[in-house]
């Protein structure tokens, strides 16, 4: 992987109409992430951190500005092409995991591989290995309702990593984890940033997690500033 930015945005903004008024949530944001870089975004509740992740991940449309993911401008892509790019180049860990309730932990992690047409035996082998790596080798056949909050979060993290994307975005990734498990996830991110040059963009309230990143940015008054 080259040092070309895996993610960038220019003059990114988002506003909402509330009656006759326009409420500005984000304005004029500039950001670049490079291979292997780990960046944390902190800020108070309601500052727009999750909105920013959704814009950067192509899950929402900006009111102004542009986002490039893996060299592709998201606004120039159709919905299908954007979805394929996200599946290939981006892993996303939501604050509340968003696992498919009718599928097992193993099947949830397999899903991105199967969407990308990986043969089922290979998908199961790779997914099993990754779930073992995050400490869930004994929970492969359990559905989300049979897992604890921390276990569900680890399944979501494994699902985000399974395609070996160039970038992983995480929204409060350690919020449901005990200290030991959270530290294990941090160690895994550090290892992957070095060995695979995976970039990580993390939204968190946990300053102990943020301080372990390469850069910490604060979102305040709709803008990103160095923390």
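Residue positions begin at 1 at the first shown residue.
Any Cβ shown, glycine's included, is placed from N, Cα and C.
Pulled from Swiss-Prot, these are the features on record:
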- 7-227: domain 'ABC transporter' (DOMAIN)
- 43, 44, 45, 46, 47, 48, 49, 50: ATP binding site (BINDING)
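Mean model confidence for the domain 'ABC transporter' (7-227) is a pLDDT of 86.
Figure note: comparing Cβ neighbours within 10 Å for the binding-site residues 43, 46, 48, the maximum is reached by 48. Ranked by how many other Cβ atoms sit within 10 Å of their Cβ, the binding-site residues 44, 47, 50 place 44 at the bottom. Of the binding-site residues 45, 49, 49 has the largest number of other Cβ atoms within 10 Å of its own Cβ. Listed in chain order, the extra residues whose Cβ falls within 8 Å of the Cβ center of the ATP site residues 43, 44, 45, 46, 47, 48, 49, 50 are 219.
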